[in-house]
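A short write-up of the structure that comes next.
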Amino acid sequence: MDTNNNIEKEILALVKQNPKVSLIEYENYFSQLKYNPNASKSDIAFFYAPNQVLCTTITAKYGALLKEILSQNKVGMHLAHSVDVRIEVAPKIQINAQSNINYKAIKTSVKDSYTFENFVVGSCNNTVYEIAKKVAQSDTPPYNPVLFYGGTGLGKTHILNAIGNHALEKHKKVVLVTSEDFLTDFLKHLDNKTMDSFKAKYRHCDFFLLDDAQFLQGKPKLEEEFFHTFNELHANSKQIVLISDRSPKNIAGLEDRLKSRFEWGITAKVMPPDLETKLSIVKQKCQLNQITLPEEVMEYIAQHISDNIRQMEGAIIKISVNANLMNASIDLNLAKTVLEDLQKDHAEGSSLENILLAVAQSLNLKSSEIKVSSRQKNVALARKLVVYFARLYTPNPTLSLAQFLDLKDHSSISKMYSGVKKMLEEEKSPFVLSLREEIKNRLNELNDKKTAFNSSE
């Protein structure tokens, strides 16, 4: 007779092979079920689901199908002709109390200076702000997980720490960690053979907050450990909040099962700030750094420095330092001179590949999707934006650009470029205006990385 472990594999294999169950459905639902041999009988198959939502969903949507599959197939447990299927919520796993965790040490990873009160809210980030506040204020997760994504320096880390600080005020156990630190800690415990302590540390908390989630990709052992950490936290209704620079589907090399779990709850994009929000940020940073700038200088910074909040703060400090060194008063002319190098457009000389990647990341598409003509609106817009930025920043002739985008008629390039240019000049689409800034920021980042790499060779 088959062992219980083989029975479980055999039952789940039957489900996976059934044509009525897609691979996505199997991964999202059935792969999480655990067969309970102790409760099962000859005519009843018992399974454990990690949480009530999954339990209810499978019972309602797939209960009849499960009974049909198991009734028609003889498996090692010798199921009767007519089989009843029961799915229950798994009992919560108790973590060994001997792992004496110093939560005070864990709390120090939350930066006290980042709060909801000093987060500048605008139309670009209002949705993210409201979701974050609701998550922080709720005793049980309203959405789980929550994933915020967007370009560098837009306030994602601030909002993550704000959630942590609010949760700590309610005496919740909070773990905030970057994926890099999570990896370092994982390897240390692995080498020391203290994985029980590692699991207790990250799974026995009320809020698990992970920054730079995109860096989990390409590390199979780490992804495996995070997968199980995620599952246990989720099963025990512990709030998970993830931060990434791109949407889950655009994290190349990340396991599909993790991408799937990242999208279980709610995903929201942090957009680049509009001019009004940028000016509010500049004023706030001046106040925090106790620096007084004339109104016209603050407006100049908001208009001419990138959307990266850290760069805006750097510009403020640079003006103040230079004014002190030169014993000069701060005015617009001084600001223009001091900030000249910060206004350099690093997008100049971009490769077509980098432009394609920047557009793809900004619109949550795959590069391969953009290179093929499509009637989908977001793909069509992406192709136009690739043309627009290629004409601005690359020396590529029209013919090679047409070949790059698989266009038979290279005269279409001029039409696509003119269409985007007109849209931007007339300012009829705030969305496209915002996209232009985001794509430029991503190009700057990609080109800066390339420059840094070349200089190190």
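One-based numbering along the chain as shown.
Note that Cβ sites are derived from N, Cα and C of the backbone, with glycine treated the same way.
As recorded in Swiss-Prot, the features of this protein are as follows:
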type	residues	note
BINDING	Gly153, Gly155, Lys156, Thr157	ATP binding site
REGION	1-90	region 'Domain I, interacts with DnaA modulators'
REGION	91-112	region 'Domain II'
REGION	113-323	region 'Domain III, AAA+ region'
REGION	324-457	region 'Domain IV, binds dsDNA'
Largest tally of Cβ atoms lying within 10 Å of a Cβ, found at which of the binding-site residues Gly153, Gly155: Gly155
Other same-chain residues whose Cβ falls within 8 Å of the Cβ centroid of Gly153, Gly155, Lys156, Thr157, the recorded ATP site, in sequence order: Gly150, Thr152, Leu154, His158, Ile159, Ile243, Val270, Ile309
Lys156 (ATP binding site), number of other Cβ atoms within 10 Å: 21
Protein Cβ atoms within 10 Å of Thr157 (ATP binding site), excluding its own: 20
Summary of DSSP states over the region 'Domain IV, binds dsDNA' (324-457), given as helix, strand and coil counts: 93 helix, 0 strand, 41 coil
Per-region confidence, the region 'Domain I, interacts with DnaA modulators' (1-90) (mean pLDDT, whole number): 67
